[in-house]
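What follows is a set of notes on a single structure, which appears directly below.
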Amino acid sequence: PAPAMLCAPARYLVFFQYLGTRYSGVTETKSDQALLGVQNYLEEAAQKLKPSAPIKFHISSRTDSGVHALANAAHLDIHRAPGKAAFTAQQLLQGLNHHLKPEPIRILSAQRVPSTFHARFCALSRTYIYRLLLGCAHHSQIPVFEQDLCWAPAGGPLDIPAMREAGKFLLGTHDFSTFRSLSPEAAAQSPVRTLLQLQIQPAPGLLSHHYEHRALEFWEVKVQGRSFLYRQVRRMVGALVAVGRGKLSPQHIRELLDMRDPRAFPPCAMAPASGLFLKSVEY
């Protein structure tokens with residue numbers, strides 16, 4: 001091959017997971033901040049593989065501070081010195097995980113992809129799950145193994161059938177302005193999004209069979225869409241929980257959609273970050 005071929009970078013798609021509790025979110029932050037982004041640690045680990053040019057992770061799905069990922073995705077280009085072969089997928093996987101060791105961040109898989117591939121723009125959809133814990137009268141009753149991994153809304157049981165009825169109004173293509181953040185950055189995006197799936201199902205808790213006597217119930221709200229607005233999932237879940245508590249009716253969800261105004265969203269109805277997980281990115 002011509003010398004220029006040796007200098008071309010190799011592009012990889014990696015899937016990775018993380019516990020988001022101790023990070024400012026997935027995206028990179030300035031290095032002098034108290035909380036760093038997951039991307040800071042990914043790029044720091046990648047630099048230890050001694051590439052011949054700095055490595056940047058182009059992340060598929062932005063997650064907020066405290067939000068977790070079972071599988072997020074990113075692409076990265078790796079330049080190696082002339083004459084050095086490109087990393088195999090296995091070498092990249094093992095090398096990155098070795099340097100990430102102290103952090104609750106793991107590379108799940110790596111594969112070579114064409115140079116035209118983009119982790120964000122090539123994604124067909126994203127799936128999130130939100131974990132709810134019912135049966136806790138007070139936050140001190142949340143099992144220690146579930147701390148920061150679910151939301152235990154106060155106020156007794158939730159009316160799940162009413163929540164499912166309300167969720168039907170969110171399915172399909174809508175202007176989700178009421179369900180987006182008030183931040184200036186969010187206002188610059190088109191508020192039209194398509195929700196492909198919304199399910200509310202019972203789910204297992206971590207080690208939950210060891211505390212069955214406490215009548216704790218875990219539920220998951222699963223949503224799938226091509227893409228989501230900033231804080232859209234947490235606002236949708238919070239509104240559904242308000243329906244489950246009887247504070248809103250299912251019809252209220254439709255009315256909120258029709259208002260198309262983030263200021264119309266009920267105060268204190270946004271679900272906390274701790275229960276939200278990016279489940280998968282589909283290509």
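Quick reminder: no glycine exception, Cβ is built from N, Cα and C everywhere.
Quick look at what TrEMBL lists:
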type	residues	note
ACT_SITE	Asp64	active site, nucleophile
BINDING	Tyr128	substrate binding site
DOMAIN	17-121	domain 'Pseudouridine synthase I TruA alpha/beta'
DOMAIN	169-283	domain 'Pseudouridine synthase I TruA alpha/beta'
* When a 10 Å sphere is centred on the Cβ of Asp64 (active site, nucleophile), how many other Cβ atoms does it contain? -> 18
* For Tyr128 (substrate binding site), list the number of other Cβ atoms lying within 10 Å of its Cβ atom. => 26
* Structure fact -> the residue listed as 'substrate binding site' and the residue listed as 'active site, nucleophile', compared by Cα position, are separated in whole Å by 13
* Structure fact -> Helix, strand and coil residue totals from DSSP for the domain 'Pseudouridine synthase I TruA alpha/beta' (17-121) stand at 22 helix, 25 strand, 58 coil
